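If you check TrEMBL, you get these features:
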- HIS117: active site, proton acceptor (ACT_SITE)
- GLU48, ASP49, ILE119, ASN172, ASP173, ASN228, ASP273, ASN274: Ca(2+) binding site (BINDING)
- CYS37-CYS361: disulfide bond (DISULFID)
- 6-25: transmembrane segment (TRANSMEM)
Amino acid sequence: MLLKAVVVVLFSCVTYLLLYIRLGYNLHYKKHHPGECRPMMDLEFGSEDLQVTSDGFAFISSGVMYDAMSPPFKDFIVRQNIRGRIMLYDFSRPEHGLTELSIEAGSSLLLKKFRPHGISLLEDRVLREHLVYVINHQGLEQDRVEKFRFRPSTRTLVHLKTFTSDLLKVTNDLALVQEDQFFISNYLYFKTYTMSVVEHLLPVGLGSLVFFNGSQFEMMVSGLLGPNGVTLSLNGRFLYVAYPLGEKMEVYQRLNNNRLRLVQSVMLYTSPDNFHLSMSGNELYVGAHPIPHKALDHLNQPQHRAPSSVLRVPLHHGLVIEDKVTELFYDHGDFIAGSSVAAVYQNQLLIGSVMNKLVLCDLDFKITDVSNSKVYSSNI
């Protein structure tokens with residue numbers, strides 16, 4: 001009897017300690033900004049993902065919500081009357097601020113149910129009529145990917161097509177290979193809030209990476225623990241995948257048949273959310289959640305603040321230079337809470353969040369290209 005009691009106590013202590021460490025109750029960071037930072041006042045309720053074109057147009061998804069989120073989060077969305085929107089920011093004309101893009105909806109897109117999440121685009125460098133692909137959550141319905149064409153003269157997104165499949169569970173992000181071909185991450189398997197909590201807390205890999213080849217979806221990698229943001233290298237040879245639950249990122253080599261081979265796993269010691277590839281292709285910028293329990297609390301109660309962090313991850317021949325990873329930005333959550341994505345354009349840092357502000361910072365230093373450094377942990 002005594003032995004059983006001792007075993008129960010030891011098991012409880014070990015479980016508590018593991019959760020205490022995993023959720024980051026022991027962590028504390030020092031605030032630092034790279035220069036003067038200011039909020040974009042037109043967008044204070046979410047800028048979860050963004051993509052920036054070579055000519056400085058930032059397309060930003062706002063108003064994310066899916067059924068696996070907590071009831072208080074959903075109530076917050078309803079109380080604040082937060083709609084699903086795609087916003088545009090022109091780095092070359094900052095005085096214009098943010099513009100909400102009007103959407104010409106096709107027959108398969110119901111705007112009142114539109115809940116954009118991950119975003120990826122294919123640039124048209126001649127007419128600037130970019131193709132914009134956006135993950136769309138519609139409650140308990142199947143997740144979808146919406147395809148739009150951007151009309152620059154009218155600041156309009158014209159809906160062209162919808163893609164969906166039973167292979168899509170709770171999706172998070174997508175990375176375009178070419179028109180109508182993309183990788184997409186299933187962050188969670190279960191769509192209900194209760195089961196999503198279980199999935200977050202138990203180290204059970206139910207996530208996956210799926211590929212759409214232009215006609216059908218194919219399972220590429222399964223058994224993953226919460227794959228989140230996904231981005232391709234500039235030459236399309238490598239796929240970068242963020243794992244916030246594992247505080248790491250992985251690099252997959254893309255093979256000729258679009259199969260994926262893991263070639264590098266990098267501990268980031270923070271919870272990475274989304275990536276943005278630099279214009280040179282020599283670094284990734286990562287929006288991250290440095291203290292997990294505060295991030296989870298923020299997702300449960302958006303009025304509770306969570307710290308924000310931005311990492312710069314240098315690349316060499318597509319692989320991560322592990323000892324050169326640096327943190328560009330950290331905030332306790334008072335200025336921006338729950339950072340989810342970041343991009344640098346012409347020495348300005350744009351930071352998005354799950355359900356808080358969009359922030360623009362000046363960089364008071366020049367970012368040095370360290371792509372000629374040695375790369376570690378490659379399996380190629």
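Glycine is no exception: its Cβ is also placed from the backbone N, Cα and C atoms.
Automatic prediction, not curation, is the source of TrEMBL annotations.
Features as recorded by TrEMBL, highlighted on the structure.
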residue : record                       : Cβ within 10 Å
CYS37   : disulfide bond               : 16
ASP49   : Ca(2+) binding site          : 30
HIS117  : active site, proton acceptor : 26
ILE119  : Ca(2+) binding site          : 22
ASN172  : Ca(2+) binding site          : 29
ASP173  : Ca(2+) binding site          : 27
ASN228  : Ca(2+) binding site          : 22
ASP273  : Ca(2+) binding site          : 27
ASN274  : Ca(2+) binding site          : 31
CYS361  : disulfide bond               : 23
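Using the Cβ center of GLU48, ASP49, ILE119, ASN172, ASP173, ASN228, ASP273, ASN274 for Ca(2+), the list of other same-chain residues with Cβ within 8 Å runs, in sequence order, HIS117, GLY118, GLY229, SER340, VAL341. For GLU48 (Ca(2+) binding site), applying a Cβ distance below 8 Å and a minimum sequence separation of six or more within one chain yields SER61, SER62, VAL64, PRO116, HIS117, GLY118, ASN274, SER340, VAL341, GLY352, SER353, VAL354, MET355. ASN228 (Ca(2+) binding site) sits 27 Å from CYS37 (disulfide bond), taking the CA atoms of both as reference points. In this structure the C-alpha atoms belonging to ASP273 (Ca(2+) binding site) and CYS361 (disulfide bond) are separated by 19 Å.
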